[in-house]
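A quick write-up on the structure given underneath.
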Amino acid sequence: MKSKLKLHGFNNLTKTLSFNIYDICYAETPQDQQAYVEYINSVYDAERLTRILTDVVDIIGANILNIARQDYDPQGASVTILISEQPVTPTESQIEESPGPLPETILAHLDKSHITVHTYPEIHPVDGIATFRVDIDVSTCGVISPLKALNYLIHKFESDIVTVDYRVRGFTRDVEGKKHFIDHEINSIQNYLSEDTRNGYQMTDVNVYQENLFHTKMLLKQFELDNYLFGDATSNLSAEQREQVTAKVKHEMLEIFYGRNVAV
């Protein structure tokens, strides 16, 4: 087993894991399309997202400093959680009656680790294809690794397409003063995915090793049309219509996966 790196002072590396998670469905009528947006807004409201992110905090072994959350009109929600490595206990100055902190004291809190999530439901104006996007950032300072949250978040949002970016910034010093720009071995984000996740997705990497920048795109392999239908479309489609909708949904997924418009 490789011995731990002995550091001089605090581990100053910042590790950031960013997700763009997409869930696709087909809603045939305007009524169903509106119902889909309302469904997403209710299932993934700020309160539910807070519970999910709180689980992430537990998984990566961090402690919550502060939570800010908001539901938006007409759609979408966001949550931001400030976290730290160590448990936070109130100091005497926080408990006693005294003047509030100076601005520089408040800013000191803002450079702590954080987790954010934003949701973006949207619907194609003609084809009835509905896309639910979730953007998640897990940024940590010190020894806490955001990579521990990978599998949980991918499965929690029943992801059809996932774009994952991981980067390490800054440097830390060992006891001899030598700089270390990364403190763990990694050649692909896929190394940190569970076997069932790797087997379930088609994946491609674009990695810039010298910049400690890693990028993985994931597309769900198994396609069952019934998993992508919402409202009347679950029972009203003819065999021919099912073929057409299958083509539409797969085309949408490929465009998102490759990040460009693809000719039909």
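Yeah, the Cβs are placed from backbone N, Cα and C, and that goes for glycine too.
Feature annotation from Swiss-Prot assigns active site, schiff-base intermediate with substrate to Ser113. The Cβ of Ser113 (active site, schiff-base intermediate with substrate) has 24 neighbouring Cβ atoms from other residues within 10 Å, across all protein chains displayed.
In the three-state DSSP classification, His118 (active site, proton acceptor) falls within a strand. Marked as active site, proton acceptor by Swiss-Prot on the basis of sequence analysis: His118.
Using a 10 Å Cβ-Cβ cutoff, Cys141 (active site, proton donor) registers 20 neighbours. The secondary structure of Cys141 (active site, proton donor), as reduced to three states from DSSP, is extended strand. Per Swiss-Prot, active site, proton donor is recorded for Cys141, and the stated evidence type is sequence analysis.
Feature annotation from Swiss-Prot assigns pyruvic acid (Ser) to Ser113.
Cys141 (active site, proton donor) sits 22 Å from His118 (active site, proton acceptor), taking the C-alpha atoms as the reference points.
Of all the Cβ atoms in the protein chains shown, 17 others lie within 10 Å of the Cβ of His118 (active site, proton acceptor).
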